[in-house]
Amino acid sequence: MLQGFFQIALTLIILAVIAPVFGKYMARVFLKKSTLFNRAINPIERFIFAVAGVRYKDNMTGRQYIQAILISNLVMGVFVFSLLMLQGLLPLNPTILNAPSWDLALHTAISFVTNTNQQHYSGETTYSYASQMLALCFLMFTSAATGLAVGIAFIRGLTGRLLGNFYVDLTLSITRILLPISFCGALLLLLAGVPETLASPAIVTTLEGTTQTIARGPVAHFEIIKQLGENGGGFFGINSAHPFENPNTFTNLLATITMLSIPMSLIFTYGIFANNTKQAWLLFWMVFSIFIVLVGITAVAEYQGNLFVNNTIFGGEQPNLEGKEVRFGWAQTALWAVSTTATMCGAVNGMHDSLMPTGGFSTLFNMFLQIIWGGQGTGTAYLFIYSILTVFITGLMVGRTPEFLGRKIEKKEIVLASLVLLVHPIFVLIPSAIALSFPDTLAGISNPGFHGLSQVVYEYTSASANNGSGFEGLGDATLWWNLSTSISLLGGRYIPIIALLLLADSMAHKQPVPETAGTLRTDTLLFTSVTAGVILILGVLTFFPVLALGPIAEGFQLLRN
Amino acid sequence: MDSTTSSPISPRRRPTGPREGRKHTPKVSRKGLYQRAIRDAFTKLNLRQMVKNPVMFLVWVGTIITALLTIDPALFGTVPGENLRVFNGLITIILFLTVLFANFAEAVAEGRGKAQADALRSTKSDTLARKLLNDGSIQEVSSTTLRRGDRVQVIAGDLIPADGEVIAGVASVDESAITGESAPVLKEPGSDVASSVTGGTRIISDELTIQITADPGKGFIDRMISLVEGAERSKTPNEIALTVLLAVLTLVFLLVIATLPFLANYVQSPVSVAILIALLVALIPTTIGGLLSAIGIAGMDRVAQFNVIATSGRAVEACGDVNTLVLDKTGTITLGNRLAEEFIPVKEHSEDDVAKVAFAASIFDQTPEGKSIVRLANKLGSALEFDWSKAEAVDFSAKTRMSGTNLPHGVEVRKGAVEAIKGFVRSRNGQIPTDLDAAYERVSRLGGTPLAVALNGDIYGVIYLKDIIKPGIKERFDQLRRMGVRTIMLTGDNQITAAVIAQEAGVDDFIAEATPEDKIAVIQREQAAGKLVAMTGDGTNDAPALAQANVGVAMNSGTQAAKEAANMVDLDSDPTKLIDIVAIGKQLLITRGALTTFSIANDIAKYFAIIPVIFTAAGIERLNIMNLASTQSAVLSALIYNALIIPALIPLALTGVKFRPLNANQLLQRNILLYGLGGVVAPFVAIKVIDVVIAAVGLG
């Protein structure tokens with residue numbers, strides 16, 4: 001037990017050390033200050049901008065920024081959809097895979113373009129090497145960079161700067177953050193035993209004398225951006241539980257750290273943009289505390305295992321190892337499960353369907369909130385949406401109309417901020433209600449009852465939160481699931497992005513109010529605690545009935561047995 | 001009027017008495033207020049009015065549905081359970097009361113304004129006016145037919161028929177109907193302040209000719225009536241934003257509840273429609289939704305009780321945000337009248353010589369300052385040494401900045417600003433005494449106003465006019481500073497005097513030798529830095545500054561131009577009140593924030609009361625941490641709490657959260673503890689208590 005908690009603690013300590021440094025680096029990148037790699041990267045970027053015709057210095061308005069995102073994402077989505085549909089005609093297809101069904105290809109394209117990577121397929125049997133590398137891996141970089149660009153533009157607006165240029169931010173995210181780290185990380189993965197090959201699957205004779213086909217492919221480069229970009233779409237069907245994706249505890253540690261690093265660090269990037277490191281630390285610790293609690297309860301529940309099974313079958317204490325890789329054990333799987341749902345990464349190294357109800361609770365809780373680190377770029381932005389709502393609700397109590405960072409929060413800002421609150425209820429609850437009304441024809445639930453409810457709600461939450469992980473155990477490769485989750489994917493991605501950027505634009509153009517003794521300071525422990533309270537009330541209580549009927553009811557059911 | 005040294009912008013007004021003595025006079029009748037409010041609560045039930053408040057509208061719709069379910073509990077399919085009619089009936093009644101309580105809160109708040117409007121309206125009656133026709137004849141017409149530009153004649157005993165300017169005559173007018181000041185006011189043509197009259201006030205001596213300045217229904221009292229009555233009430237920007245947020249939260253909860261039956265049916269734990277509606281009403285922010293408009297109206301009303309008429313709720317809200325107060329020294333920081341304290345001789349002159357000349361220069365001066373000079377001179381034994389009737393007064397003007405007397409035989413005595421007297425003496429080929437500047441500085445350093453006195457070309461000395469800082473003003477500025485509000489003092493005094501007074505009064509900044517242009521420049525400078533500025537003013541030359549300021553409070557004694565440019569009018573003409581108005585603005589915002597926080601924090605307890613017990617088949621009873629007796633009693637308890645908390649908070653909404661001059665962090669800490677944490681805890685206790693009672697009477 002101690003060893004397990006030590007593994008968790010070590011991972012978190014490493015992250016807490018990395019985050020401020022990495023955050024500072026990202027701030028320098030987006031503030032266009034010189035960084036370590038300037039000399040190497042500058043000419044490359046200049047070439048890219050020249051070829052693409054991007055005017056480096058031009059700032060975009062909120063509308064232009066949104067337009068650029070929507071158009072570029074649409075173009076990339078159509079490109080990838082076509083590539084997937086044409087994969088049978090394209091090279092790099094050693095297993096001679098044909099085009100998937102149109103709805104699966106559509107779902108895959110949307111899922112990857114929205115940085116979700118929800119997979120209703122198994123990679124090794126559905127998509128060719130060409131599709132995986134040129135279509136999916138391509139989107140892993142651009143969708144992560146899109147999210148990061150949105151986060152940065154939002155921070156710029158919030159701190160009174162112009163929003164910047166989407167194409168520049170997209171490029172910088174890739175050339176200075178995602179690509180260099182992926183390159184180094186992929187090398188480490190290669191060293192640790194992850195394959196990177198274009199060779200067709202190996203056909204081997206096992207010790208028993210039977211032949212077995214072992215899928216392999218260009219995994220290492222795919223794997224690292226999957227984690228770093230919070231994409232989460234595995235090369236293989238079982239994702240990071242596969243020994244070629246995540247062979248040992250070192251790769252597991254590396255993967256956990258890379259998936260948490262950007263959203264954790266982005267809070268510090270904000271601190272530098274806002275020139276308020278204190279507030280960054282406070283927010284960091286606030287999110288960290290909630291995160292620790294969720295990791296803690298999940299880990300303890302997995303460690304205790306299923307009491308009913310333990311008593312009747314094992315006759316003694318046993319951690320819950322169902323659906324887990326023994327090489328990771330309960331601790332690393334619990335940490336991963338909470339991290340991957342907290343960060344909207346969505347990669348899995350174990351079966352979430354087999355987690356104890358507490359794990360189901362934590363993972364759903366994370367995706368409902370979307371701010372416990374949260375998605376690439378957008379998570380940090382949501383965190384400030386909650387700060388703005390907190391200022392608006394409680395800020396009046398200091399006797400001034402609410403302001404955040406010296407800028408007044410007025411009707412427009414509230415409309416946009418509260419729009420974000422509406423996204424989940426619309427794109428999670430409504431389709432869940434429809435699916436659960438026709439459980440036999442639509443849902444494809446494998447475990448009826450409370451767990452089945454969790455399966456359905458989890459699927460839509462994962463889509464709407466752009467997480468991508470699956471509770472699994474759901475027959476989800478159907479027309480209904482592909483199309484209905486596609487709607488949640490798109491709504492959960494672009495509506496908040498539009499709201500965030502319009503909000504940032506409006507904040508950027510506000511006349512700042514000077515700070516006085518009468519100004520509510522948002523960088524205090526008190527205000528941060530109040531923010532945590534508002535997050536819990538507005539973000540979690542909304543979903544309390546769902547949690548009560550899903551994992552909570554399931555938990556009590558287990559206890560009764 | 002201050003004849004000698006006051007700068008052109010220094011407020012000129014009647015001396016003001018203690019505020020307590022001048023509480024609002026229009027007799028406001030509170031009788032029947034509650035009966036009327038109850039009646040209004042019912043008339044507000046009409047859907048067209050309800051739809052303006054999305055939160056309460058939803059409750060109203062819910063009430064109608066539960067009423068139908070009381071008639072036929074199986075309307076949306078059969079539901080298990082006994083006594084469903086009774087249960088649904090109880091829910092209907094409680095929901096109906098919730099709506100009614102919210103309407104009542106608004107009606108009470110409005111009722112106070114209406115009562116005040118009625119009192120004002122009683123002063124406004126249709127009178128006969130003597131209209132002067134172009135040929136000079138007089139025609140008796142109804143006051144309602146008077147138009148802008150008409151001329152009327154009023155004589156002692158008449159009600160003044162409409163707002164206007166005095167163009168001829170001198171008379172005293174009783175303005176107590178609008179100001180509460182019982183002492184009559186002198187009105188005469190050609191002066192800034194004393195030439196405007198208000199319709200509905202009564203002339204009590206002599207007669208006046210008045211040129212009407214307002215069309216019927218557009219006069220000052222008409223505007224006041226519509227303002228206090230709330231007829232022109234539009235939501236303030238912050239109120240609108242809050243309404244949006246509450247509407248979105250309501251929509252979120254509506255989605256949660258609307259999808260819930262499908263989820264519940266799937267796990268075979270169906271919930272009846274009546275309970276779902278109950279849950280929805282418990283979760284949506286009904287408390288703040290029901291009280292929001294009452295808080296706003298009550299804020300305006302509190303300003304009105306202070307005898308200040310605000311032209312909009314927006315202005316009151318802006319008060320809370322004010323960063324800078326621009327204050328005139330005289331009348332606001334210091335008492336209006338400076339008194340002669342000492343005569344300081346220069347050159348070879350003696351103190352008695354100075355007293356004599358000062359006396360001679362002040363005999364026609366009727367201002368408090370002038371009279372105090374005469375008094376001091378008398379005390380030192382000066383007596384009249386010339387024929388009073390042959391002397392001639394030289395009036396003060398802003399241009400010459402001095403006044404005095406022309407005695408027989410071409411002897412001229414003058415008193416005035418030191419610079420002005422120096423100029424006068426030079427023009428008479430006199431010498432400037434070398435020790436004059438020392439005397440001037442000495443007085444200035446004491447924070448007094450130095451007046452030089454001269455006889456022909458000879459400067460005799462300096463009169464020390466002592467300025468008296470209003471008691472308690474320093475403490476108030478300290479409070480303001482703690483709240484983050486800066487004060488800037490404007491004065492016509494010289495640099496040294498201004499610095500001394502500024503220091504003694506504790507203002508943050510001052511501008512000496514200020515002109516009206518300086519006032520507007522200061523406001524613009526502050527606004528350019530993003531600050532909100534409040535100021536008071538009364539003269540016509542204050543009008544641009546009043547319009548420029550975010551909160552401009554005009555004195556009722558001030559000119560029509562000033563009153564029109566301002567967004568508030570102080571009926572008592574007490575500039576110090578600006579500080580109170582800022583506090584009222586803050587109090588309004590704090591009350592709104594406190595009740596919003598309380599309302600939202602309440603949700604935790606309501607969730608824990610209702611959710612665990614309504615999914616009977618889901619086996620989550622252990623979440624019933626309050627140990628409520630049964631499903632029915634839990635739902636009823638939460639709903640009863642939800643309904644009763646509205647009337648319970650009406651007094652707080654109307655009187656406002658007690659305001660304390662603390663800084664933002666202290667305020668947040670205090671209010672979060674009270675209304676945030678209190679909002680979490682209170683409903684747990686209250687719902688449990690109600691549940692025990694319900695179980696005891698057997699309703700559960």
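Even glycines carry a Cβ here, placed using N, Cα and C.
Among the features that TrEMBL reports, compositional bias 'Low complexity' is placed at B:1-10.
Taken from TrEMBL, the feature region 'Disordered' applies to B:1-29.
The annotation compositional bias 'Basic residues' is assigned in TrEMBL to B:11-29.
Remote same-chain partners of the transmembrane segment (B:55-75), defined as residues 6 or more beyond its termini with a Cβ less than 8 Å from a stretch Cβ, comprise 45, 47, 84-85, 88-89, 91-92, 95-96, 98-99, 102-103, 246-247, 250, 254, 273-274, 277-278, 280-281, 284-286, 289-290. Look at TrEMBL and you will find B:55-75 (among others) tagged as transmembrane segment.
Long-range neighbours of the transmembrane segment (B:87-105) within the same chain, counting only residues 6 or more positions beyond its ends whose Cβ lies under 8 Å from a Cβ of the stretch, are 37-38, 40-42, 44-45, 50, 53, 56, 59-60, 62-63, 66-67, 69-70, 73, 81, 274, 277-278, 281, 286, 289-291, 294, 632, 635-636, 639-640, 642-644, 646-647, 650, 653, 699. Residues or ranges marked as transmembrane segment by TrEMBL: B:87-105 (among others).
Look at TrEMBL and you will find B:131-229 tagged as domain 'P-type ATPase A'. For the domain 'P-type ATPase A' (B:131-229), the number of residues in each DSSP class (helix H, G, I; strand E, B; coil) is 17 helix, 35 strand, 47 coil.
Listed as Cβ neighbours of the transmembrane segment (B:240-264) (distance under 8 Å, sequence separation of 6 or more from its ends, same chain) are residues 53-55, 58, 270-271, 273, 276-277, 279-280, 283-285, 288-289, 292, 592, 596, 600, 615, 618. Among the features that TrEMBL reports, transmembrane segment is placed at B:240-264 (among others).
Annotation comment: TrEMBL describes B:270-292 (among others) as transmembrane segment.
Annotation note: B:D328 (active site, 4-aspartylphosphate intermediate) sits in a strand segment as assigned by DSSP. According to TrEMBL, the feature active site, 4-aspartylphosphate intermediate maps to B:D328.
TrEMBL lists B:D365, B:E369, B:F396, B:S397, B:A398, B:K399, B:T400, B:R401, B:M402, B:S403, B:K415 with the feature ATP binding site. Under DSSP, B:D365 (ATP binding site) is assigned to coil, being neither helix nor strand in the three-state scheme.
According to TrEMBL, the Mg(2+) binding site annotation covers B:D538, B:D542. Cβ neighbour count for B:D538 (Mg(2+) binding site) (all protein chains, 10 Å cutoff from its Cβ): 29. Mapped onto three states, the DSSP output places B:D538 (Mg(2+) binding site) in coil.
Using a Cβ-Cβ cut-off under 8 Å and counting only residues 6 or more beyond its ends in the same chain, the transmembrane segment (B:634-654) has close neighbours at 87, 90-91, 94-95, 97-98, 101-102, 104-105, 108-109, 112, 275, 278-279, 281-282, 286-287, 290-291, 294-295, 298, 301, 591, 595, 598, 602, 605-606, 609-610, 613-614, 624, 626, 628, 683, 686-688, 690-691, 694, 699-700. Annotated transmembrane segment per TrEMBL: B:634-654 (among others), in sequence order.
TrEMBL lists B:674-699 (among others) with the feature transmembrane segment.
B:D538 (Mg(2+) binding site) sits 22 Å from B:T400 (ATP binding site), taking the CA atoms of both as reference points. Each of the recorded positions B:D328, B:D365, B:D542 was assessed for Cβ neighbours inside 10 Å, and the highest tally belongs to B:D542.
The candidate set comprises the binding-site residues B:F396, B:T400, B:M402. Of these, B:M402 has the most other Cβ atoms within 10 Å. In this structure the C-alpha atoms belonging to B:K415 (ATP binding site) and B:D328 (active site, 4-aspartylphosphate intermediate) are separated by 24 Å. Per Cα geometry, B:D328 is the residue among the recorded positions B:D328, B:F396, B:T400 nearest to B:D542 (Mg(2+) binding site). Looking at B:D328 (active site, 4-aspartylphosphate intermediate) and B:M402 (ATP binding site), their Cα atoms lie 21 Å from each other.
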